[in-house]
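Peer 1: Below are the features I grabbed from TrEMBL:
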- 1-18: compositional bias 'Polar residues' (COMPBIAS)
- 1-24: region 'Disordered' (REGION)
- 4-99: domain 'Cadherin' (DOMAIN)
- 100-211: domain 'Cadherin' (DOMAIN)
- 220-241: transmembrane segment (TRANSMEM)
- 288-363: region 'Disordered' (REGION)
- 302-319: compositional bias 'Polar residues' (COMPBIAS)
- 320-331: compositional bias 'Low complexity' (COMPBIAS)
- 332-343: compositional bias 'Polar residues' (COMPBIAS)
- 349-363: compositional bias 'Basic and acidic residues' (COMPBIAS)
Amino acid sequence: MPQKSQKTGETLLSSPNIDASDPENETLRYTLDCNGYNTTYFEMDESTGDVYFGGDFDSDIGHPPVTECNVTVTDPGGLTDTAFLTINIADTNDFTPIFERDYYNVFLFPTEDIGTILINVSASDMDITETWNTITYGLDQSGLGNSYFNIDENGTITVAMDISASFNYGQTVILTLSATDGGGLVGYSTLSLIFPETTTTSSTTTERPFKTETYPDNGYWYLLAGIVLMMNAVLITKLCIRYCRPCAEIDKRTEAQKRADRIKAAQERKAKVKFDFFRQTILGKQDPAPAINRKNKRSDDISVNSSDQGSQGTTNANRSSMDSFDSLSSSKNLFPYNQQSHHIFNPETGRKNKRNVDQKSLW
């Protein structure tokens, strides 16, 4: 039975274990068939029948611990014979237990009660055989002179006896942990038992949380801040009254003045048209008597009479001219006023503003 960990080329079985003979004493040829997929793990010498590992083999990482093979022997004439071969791989203890951590630190006090659990440690072994992977834990306390602590089969460390008289605050004790498998291989780790310096704490004074509104001097600051805010508000109000309101009033007066100027300009244009009308129609017909005297060559009496008639004619002409001007002025083609609708035309905006104005009063 070969061991589980073998390397390529190492012999498993020799030819005497596979006994084959030929009556003609001819040379025999050996072949090995291990159900196909396992054949690569093993090799056989065709001339001697020796069996070797075909590659590195370790059953702990999944290689088959048992392999069944067929061995065929053939003579030069082609005659064969077959034998059944079972290869059992024996597991060896080739793995050492390993702790999960190399160092363990435990903080405790000298006043710990008996049975107090300090820590749980763990180790593992990669061997697949139960005999080789069963672990026993140990704690070396030879330097302490006594077994103050205990470790069980599960790796749980507890206080085994009263330690109040044996250990002091501020002391650190270093012990060695061991894990031993069934084959005697041992793995190690370090355990540090740390006793703090002291258990007393300095007295502390608990004060009320600081609050801004309850701080004594803050009342004066609040008062001062309020005064400053009020002064700023008053100043801003005065500035608004001084600068903003007059600007609005100036704007209003300017608009009113513009409107008055437009009305005045319209009145002036109307007066000018009236003056030009009178100058063209009335002043040109004011003294027609000389023309009548020259045309008719009448006497002085007749001239005087004609002059009187001419004066009367001038008066009638004036009245007729006034009637004609009144009729003409009522036309909306001469002045921008509509007497029927009582609207005043605004030449700047192009709109009519309604006003109850007697047009004759504008004359």
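For all residues, glycine too, the Cβ spot is worked out from N, Cα and C.
Given the structure is predicted, the values throughout are model-derived calculations rather than measurements.
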Peer 1: Taking every residue in the domain 'Cadherin' (100-211), what is their average pLDDT?
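Peer 2: Its mean pLDDT is 89.
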Peer 1: Quick one: DSSP breakdown of the domain 'Cadherin' (4-99) into helix, strand and coil?
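Peer 2: Its residues fall into 9 helix, 37 strand, 50 coil.
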